[in-house]
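Among the features that TrEMBL reports, Na(+) binding site is placed at 85, 88, 92, 350, 481, 485. Annotation source TrEMBL lists compositional bias 'Basic and acidic residues' at 44-60. The region 'Disordered' feature in TrEMBL is assigned to 40-70, 684-714. According to TrEMBL, the feature transmembrane segment maps to 79-97, 109-130, 151-178, 233-253, 262-283, 311-332, 344-365, 469-494, 506-524, 544-565, 586-605, 625-650.
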């Protein structure tokens, strides 16, 4: 033994004691992973030199590493509201009720619930789990799972960007109607009058359609006759779009610290409005007819394949799967959060929100249908009065019906007259030109999307007492629903890019919003509505389905379902139900492939077309896209999915090395993030626990066994700081048990 051996031993003991003391002193800070999660990143594009930085400062010749503190949600409630705000959007209000009415009323809820359990919840749980486990955005998550499938994250970003472009335009439309609602009467209450030198007459375009239809197409959009007629910018909508993007930018500029606070209002306010609307609508005449029509099941329709396809598509889009927003939000969670509970909770909140919105929509449409039937009855009763004594004998009119005041004839009395006349005048009945005035026929006029929100619903609200108040509430609700979804969509763009390229969030947010507003000017020209329809139909449907199929396959078959289940057990503290094992591995990918094929076949068989408003005829007409429009439609799909094969080819042929990601500041190999390459004898476990490079560890001496737990002992699933586990292996140590970290 050397003569200075005691000194060396004493020095080692001191270092060990100091390191243990350092670990214990940092225990509380490490447990606070709900607030911060550190990830060391550096430039891996150089000559592979290590960057050694000590706690007190840096050596002159050493490069300095940056330590990123990952933000976190202030509370679990804020996080749940963010996920609910993202998943509950405009589609819940104007798409789900339409599908419910079209596909069998209350019977449609059965296939929807079945597919929510088979597709929706498993995939939502999967996205929440990978985001929370890997604590990165969509690009980082799929690079981590398999670098060759890293293009999935870029494809998600592309789809998010395309959707954000037109989704904010809809928020701009809602802002315009909101600003016009502070008037009594509402500006779309009746048709405008045109005055000339000799006379005053009703605007012909409005007279041929309706006041609300005219206001939407002519006053708000000033729409052109087809997509080829640009017609210049609509300045009113341009200003509204600028305001919408400014709101998004200000809310997102500080990340979840700023957007999280906005969520309290943007996520909860729509529920207040929907409940108020439901209570008010139930007090109106005819609302019960609408709800009864809505929930009258048509069981025979359930057997049609189209119903199941549309239900699966709605489940898919209602939860926001594939956008990357779900992954981005969950990446700011603490590592041991019960994301399985979150997945089930948010999915069912989304479902019950859709049912609540459907109740409101059909209660209001029932009231509107009742008004339309009253007008129809009055008009046709006048016809009957004119036909009395000539084509219709007076004896056919029941004695209790008084035809002197046609406005007082009820729908029941009118239908009684019609049945008698129809029975007597069987051959001549059609020639009389009498309308049956059926409330069922009126309620069967299926409307969705902008037709529901800006035409049917606005028309119904003009008949509400205190209509400006309800109009303000309704369009403010639409703005909030849209903003909640926009926050998640923009987060799906920003978080992956910030995690991967380490740019300043403020600069990236402003740049993204400015770029999106500039491109969004395409949607606020006179033909802009047609481009919104084009992007809605082609930029999201197929690309998102492809993205989610690849996500499912990447986790279940590439990363390995067994390994993923171990990750979940390590993260959640319990093993998820075996149900998810079979869903993720077999059932869900099979159903997704069937849905993808069905959607592809439908798009292939249906020529690309759009609904155009023809000014002279004052009605909608289906037109086919011109050749350049078809090229744009195809380009949207190709551009969205192109990153997947491009990244795969580049990785496969090692044009981009798996261990480095070009401009990116984080390098990946399958199943792990590579921070630094430890020198022999320096893979100090303390540095892993503290999230530092080996040279930053408190002790300069090798310490491979200082913090190592005994295998098989209690609490061996996670490291002392609760941050690193199965997925976070920093070096190729095949035989090293997880507990050693």
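Note that Cβ sites are derived from N, Cα and C of the backbone, with glycine treated the same way.
Just so you know, TrEMBL annotations are computer predictions that nobody has curated.
Positions of TrEMBL features highlighted on the structure.
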residue : record             : Cβ within 10 Å
85      : Na(+) binding site : 28
88      : Na(+) binding site : 26
92      : Na(+) binding site : 24
350     : Na(+) binding site : 24
481     : Na(+) binding site : 29
485     : Na(+) binding site : 27
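Nonlocal intrachain contacts for the transmembrane segment (544-565), taken as residues 6+ away from its ends with a CB within less than 8 angstroms of a stretch CB, comprise 123, 126-127, 129-130, 142, 145-146, 149, 152, 155-156, 159, 316-317, 321-323, 575-576, 581, 584-585, 588-589, 592-593, 595-596, 599, 641, 644, 670-671, 726. The transmembrane segment (109-130) is not in contact with the transmembrane segment (469-494), judged by fewer than 3 CB-CB distances under 8 Å for residue pairs 6 or more apart in sequence. Outside the transmembrane segment (469-494) by six or more residues, the chain places 82-90, 92-93, 137-138, 156-157, 160-161, 163-164, 167-168, 170-171, 174-175, 177-178, 181-182, 186, 247-248, 251-252, 255-256, 259, 262-263, 265-267, 269-270, 273-274, 276-277, 280, 320, 323-329, 453, 457-458, 461, 505, 508-509, 512-513 with a CB less than 8 A from a CB of the stretch. Taking Cβ pairs closer than 8 Å, the transmembrane segment (625-650) reaches residues 148-152, 154-155, 158-159, 162, 227-228, 534-535, 537-540, 542-543, 546-547, 550, 608-610, 656 in its own chain, all 6 or more past its ends. Through the fold, the transmembrane segment (506-524) approaches residues 161, 164-166, 168-169, 172, 233-234, 237-238, 240-242, 245-246, 248-249, 252-254, 490, 493-494, 497-498, 531-532 of its own chain, all at least 6 residues removed from its boundaries and within a Cβ separation under 8 Å. Listed by sequence, the residues of this chain that lie at least six past the ends of the transmembrane segment (151-178) yet keep a Cβ under 8 A from its Cβ atoms are 90, 137-143, 220, 236-237, 240-241, 243-245, 248, 322-325, 450, 453-454, 458, 471-472, 475-476, 478-479, 482-483, 485-486, 489-490, 492-493, 496-497, 516, 519-520, 523-524, 528, 531-532, 535-536, 539-540, 543-544, 546-547, 550-551, 554, 636, 639-648. Tertiary neighbourhood of the transmembrane segment (586-605): same-chain residues 115, 118-119, 122-123, 305, 309, 312-313, 316, 538, 541-542, 545-546, 548-549, 552-553, 556, selected by CB-CB distance under 8 Å and a gap of 6+ residues from either end. Residues 73, 170, 256, 259-260, 263-264, 266-268, 270, 294, 314, 317-320, 325-326, 329-330, 332-333, 342, 345-346, 349-350, 353-354, 357-358, 361-362, 448-450, 452-453, 478, 481-485, 487-489, 491 of the same chain lie 6 or more positions beyond the ends of the transmembrane segment (79-97) yet place their CB under 8 Å from a CB of it.
Within the same chain, residues 80, 83-84, 87-88, 92-94, 96-97, 100-101, 109, 112-113, 116, 120-121, 124-125, 271, 274-275, 277-278, 281-282, 284, 287-288, 290-291, 293-294, 318-319, 443, 452, 456-457, 460-461 sit at least 6 positions outside the transmembrane segment (344-365) and bring their C-beta atoms closer than 8 Å to a C-beta of that stretch. Those same-chain residues not listed among 85, 88, 92, 350, 481, 485 yet with C-beta within 8 angstroms of the centroid of the Na(+) site C-beta atoms are 84, 86, 87, 89, 90, 91, 267, 270, 353, 484.
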